[in-house]
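Each remark here refers to the structure printed beneath this line.
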Amino acid sequence: MNWHEIINFEDYGALLALVQNSIIAGAVLGLVGGLAGTFVIMRDLAFAVHGISELSFAGAAAALLFGASVAGGSIAGALVAAALIGVLGSRARDRGSVIGVLMPFGLGLGVLFLSLYEGRAANKFGLLTGQIVAIDTPRLSWLLATSAAVLVCLAVMWRPLSFASLDPHVAAARGVPVRLLSPAFMLVLGLAVAVSVQVVGALLVLALICTPAAAAVRVSASPVVVPLLSAALATVSVVGGILLSVGSSIPVSPYVTTISFTLYGVCRAVGAVRKRRGWTTRRPSPRLDTVRSPGAL
Amino acid sequence: MISLRDAVLSYGDRTLWRLDLDVEAGEFLVVVGSNGSGKTSLLKVLLGLRRLSSGTVTVNGRPPRRGSDIVGYVPQHRAVVPHTPLRARDLVRLGIDGHRWGLPLPRSRPRSGARHRVEAVLRDVGAETFADVPLDLLSGGELQRVRVAQALATDPRLLLCDEPLLSLDAEHQRIVAELVDRRRREHGTTVVFVTHELDPVLPLADRVLDVGAAVVS
């Protein structure tokens, strides 16, 4: 093994110019993955993210085989998966098994399309494990447009979606269209997964959409701090991963997953300290059952 | 406050209940009935989430409307997904503006009273000491107090409680039932309290409705 294959900063400046598109893409993906990830944690959808990414991979592989747009293929695959999971697995209890059925089917289809494909091998491998040099300007525009759509949708549905994720019954009683929001979020998540697949690859999407948010909720429970921190952690992971992988012959994904996992570890440690320092302790208080005098209302 | 006339709810051929009922402002109505007798469906009708099969229903003189500010809803206890990034005060806040589209940006809303309102209702249910504790670290009893606070956040005139005492210990059942009753006594809020646990609410109830038998006693 040669360490120069893993980290090598010779001609770094020149190489950096080549991956400028990827760095922009990475920064935007971090934002998308980190924000969408917050709801993935709240709605317990990590497995769904993985399922969607496998079908997104199948869609991208089919597009590669038939000479269509790989970005379009990955989005189509992801939306089909998100719709199927949304419809067949609307109840949380069914969802796991529906995803468990869809996932190997998607992966199988993807492998089939790839083995029929006779083009460059790097294209094949890239769909599974990520690629950074492949992001040309038209593809970057696709990616930015899709990401913008995801961010706008998330911004619009943020508050009612938080409410519906926490307490669907109360949210419905308060007039939140819970039945509409749940599939709507699945589709938005599908888009987020599809854009991530194109950079970090189908197998490693969770490092972008789940890990940063899972790390953020370890150190804070503030509904403002958590999404911002999650987006920051995801961006650091992707952009950092790209910067490190530029000088090496190894795909981008191990760098991204390693950074993101390390950050998760750090957040867990910080969270454990925070808990011990009294996250759970209450302010000094009157006894729990004290019924207070009339007043405040 | 509530008026049901020849109100019938049925699923297909099966009639769940047929009710003629008037509930006065400030009344505490306890609703009991076996599983599947349509207790929760009655609340859904009052919330405007379900239509009657026949007959009429009015709340405060009008047909029920989804998301009305004059109706508060206290659900049964459910555990929160671990590490949900919300604290007790955020749950109460959702009761005020959680149904609105958009981002929960701090201090961007013209309704600047919302924050004070959250403090006030938290204080009122004795939850101010754990207002900043993450929801998944609250005990079941604490969480239910916060949910009562959430239901009170819009200053409702009708409080609908859907088995809020379920899976609480006796002590907290009493505390939660008394919080609801105190609100009724101090503000004349009408209470419809669906429960399997009669003991904690029987001393507070004005009337008990058995939906299974559709008898008001």
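Even glycines carry a Cβ here, placed using N, Cα and C.
According to TrEMBL, the feature transmembrane segment maps to A:12-41, A:62-85, A:97-119, A:140-158, A:184-217, A:224-246, A:252-273.
By number of Cβ pairs under 8 Å, the transmembrane segment (A:62-85) is matched best by A:184-217 from the list A:97-119, A:140-158, A:184-217, A:252-273. When the stretches A:12-41, A:97-119, A:140-158, A:184-217, A:224-246 are ranked by Cβ pairs under 8 Å to the transmembrane segment (A:252-273), first place goes to A:184-217. Only residues 6 or more beyond the boundaries of the transmembrane segment (A:97-119), in the same chain, are considered here, and those with a CB under 8 A from a CB of the stretch are 47-48, 50-51, 54-58, 60-62, 64-65, 77, 81, 84-85, 88-89, 127, 202. Between the transmembrane segment (A:12-41) and the stretches A:140-158, A:184-217, A:224-246, the greatest number of Cβ pairs separated by less than 8 Å involves A:224-246.
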